[in-house]
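Student: Okay, so TrEMBL annotates it like this:
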DISULFID  Cys141-Cys154  disulfide bond
DOMAIN    77-272  domain 'Polycystin'
DOMAIN    274-497  domain 'Polycystin cation channel PKD1/PKD2'
TRANSMEM  32-51  transmembrane segment
TRANSMEM  230-251  transmembrane segment
TRANSMEM  271-298  transmembrane segment
TRANSMEM  319-345  transmembrane segment
TRANSMEM  365-387  transmembrane segment
TRANSMEM  407-429  transmembrane segment
TRANSMEM  469-490  transmembrane segment
Amino acid sequence: MPVASRWHRGGAPKHNLHFRNEVESRTTLQELLLYSIFLIILCILSFGMVNPHMYYLNKVMSSLFLDTSVPGDERSNFKSICSIPDFWKFMEGPLLEGLYWDSWYSNSQLYNSKNSSRIYSENILLGVPRVRQLKVRNNTCKVYSSLQFLMSDCYAKYTSENEDISDFGLKVDTEWKYSTPNSNSPWHWGFVGVYGNGGYIFTLSKSKSETKNKFIKLQQNNWITRGTRVIFIDFTLYNANVNLFCIIRLVAEFPATGGILTSWQFYSVKLLIYVSYYDYFIAFCEITFLILFTLFLIQEGKKMKEFKFAYFKRIWNWLELLLLVLCFLTIFFNLFCKIQIFLLLEQLFKRTEEYSDFYLLAHWRIFYNNILAIIIFFAWIKIFKFISFNNTMSQLSSTLSCCIKDIVGFAIMFFIILFAYAQLGFLVFGSQVDDFSTFQNSIFAQFRIILGDFNFAAIQQEYRILGPIYFITFIFFIVFVLLNMFLAIINYTYSEVQDDYSLGRRPYFKLGEMIKKSYNNVLKKLKLKKPQEAEDNKRKNKDLAEQARRKGFDENEIQSAEQMKKWKERLEEKYYSTEIQDDYQPVTQQEFRDLFLYALELEKELHYINLKLNRVMRKVS
């Protein structure tokens, strides 16, 4: 029997569907409260890593070393360097003046400048700056045979295979001898190459005059050669007022095409932690974060054990796993940074006459901040898991889930056309227009055209016919056709979802109602709110009974109607107030009896209504 199959063989009933959904709703609310605490802690940690002074410190230092003009030439600075003479003018001018501060604006001596320079009188220069050069060997490329009488030397672009490690020039000091890499600093990704560590290195002196003489000597002995491919200028500052380190790297690349390409990096990071009371509060939040991470890890482990492979069928569970992996990486890198800072800072502070390499510490700190930023992003995305129980948010999630196949098909067509136009633009305009100089730039140029941020005059100037044709056809197919098709897919699916919801489809768990119900229960337990719902229902039933007596109904009909109403409310609360998810749910014998009596009463009511309709139809006919 179908009904008998829904009973327990042992006679003891399972939890009914309504009870299970109540438990699930209560559990979801508890998860939301716990996750809210986790999100707040995560936000505190992320904002604790960022200080508004970081931006201002970077801005001040970049203005000093990048925008200061060379003496005698107001238009020349580090950003505009394009030749070797310009580079040496910068080294002897803005760089030298920016690194060595020995007096106040009134030429008064404010401090003892024997130990270190103080830039802007607030930023201490740690150790001494370092200048490092990487070169390539001669004959690393081949000259065409017919042109060898014009040029026999050939210096290719920088790679680890082409790198020159032989001594050159005077061959006496470290700047003329190759130094092998002695640190674990990451490689530098420049405009035209990826550069390793080591090279031809020299450090500047504590004395401004000695450093200037050093520059003059290197320039006279041709320290920069045709094989030079990059020069790094590294130094570190510390501002005690805001407890920040500023790690600065100025880069001058010498591409195989000739000329100089300049770039720079300014990293303001907080390496000395647990100094103020706010830092100790951050430490407390880190411990809380570790505890919550452990709780979530245990919770997800229990879910995986309970649901097994079915656990991986929900997208939210994948997001949970991603957050756990990122949280683990954050904890690992945080501990790693603290240990490395503790081990290296004392050694770096002791070597005041040498270069202090803080670049590795800054790199790991920036990497840790980036992972934390990604966690914050996905943590906010997970909020949709809880607010999707709301009617409006449920429609949004249903719309995206229903049209995902159409969106995937549209995306394939969209990117095929996008890559076709990107390759066309790269091949046609790549040698003349900066936006198409590389294939990657060409791809991003397509998105800029869609957003309206594009220099149409540049392609029109180079190709007066092909440029406008390229631009007009791209706008027609991408903007007018494909983007409107995408909006049509979303709009059509959303209208279908709205129709489904208008027919009675609702989320089985309403977050707002659950929070309101829990709030009222708390008030009742604290005796701050009287339970008036039962009294209101009794008063309402009495009013309905009095109205029925006035209209001529007898007591038996009134009692039968009240019994029907009780059965209806009880059964609807049990079976119709929540969304049935399983085909077979266990019921008890008493529940089956109630259903049977309810069906009989419905049959009587239908029979009575049928008789009334027959009488009306006879009178009408």
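Using N, Cα and C of the backbone, Cβ positions are placed for all residues, glycine too.
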Student: Fewest other CB within 10 angstroms, which one of the disulfide-bonded residues Cys141, Cys154?
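Tutor: Sparsest of the disulfide-bonded residues Cys141, Cys154 by Cβ contacts within 10 Å: Cys141.
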Student: Which value does the mean pLDDT take for the domain 'Polycystin' (77-272) in this predicted structure?
Tutor: 87
Student: Determine which residues of the chain contact the transmembrane segment (469-490) at the Cβ level, with the cut-off under 8 Å and only residues 6 or more beyond its ends counted.
Tutor: 399, 403, 406-407, 410, 413-414, 417-418, 421, 424-425, 428, 446, 449-450, 456, 459-460, 463
Student: I need to check the long-range neighbours of the transmembrane segment (365-387): which residues 6 or more away from its ends have a CB within less than 8 Å of a CB in the stretch?
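Tutor: Cβ under 8 Å, 6 or more out: 28, 31-32, 35, 38-39, 42-43, 45-46, 49-50, 267, 269-271, 316, 319-320, 322-323, 326-327, 329-330, 333-334, 337, 393, 397, 511.
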Student: Would you kindly list the residues that approach the transmembrane segment (319-345) from elsewhere in its chain, counting only those six or more residues past its ends and only Cβ-Cβ distances under 8 Å?
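Tutor: Sequence-distant neighbours of the transmembrane segment (319-345): 271-273, 286, 289-290, 293, 296-297, 300, 360-361, 364-365, 367-368, 371-372, 374-375, 378-379, 381-382, 385.
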Student: Rank 230-251, 271-298, 407-429 by Cβ pairs under 8 Å to the transmembrane segment (32-51) and hand me the top one.
Tutor: 271-298
Student: Which sequence positions outside the transmembrane segment (230-251), separated from its termini by at least 6 residues, show Cβ-Cβ distances below 8 Å to it?
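Tutor: Beyond its ends, the transmembrane segment (230-251) has Cβ neighbours at 51, 53-54, 57-58, 61, 65, 78, 87, 95, 99, 119, 122-134, 158, 188, 190, 193, 195, 199, 224, 262-272, 275-276, 355-359, 362.
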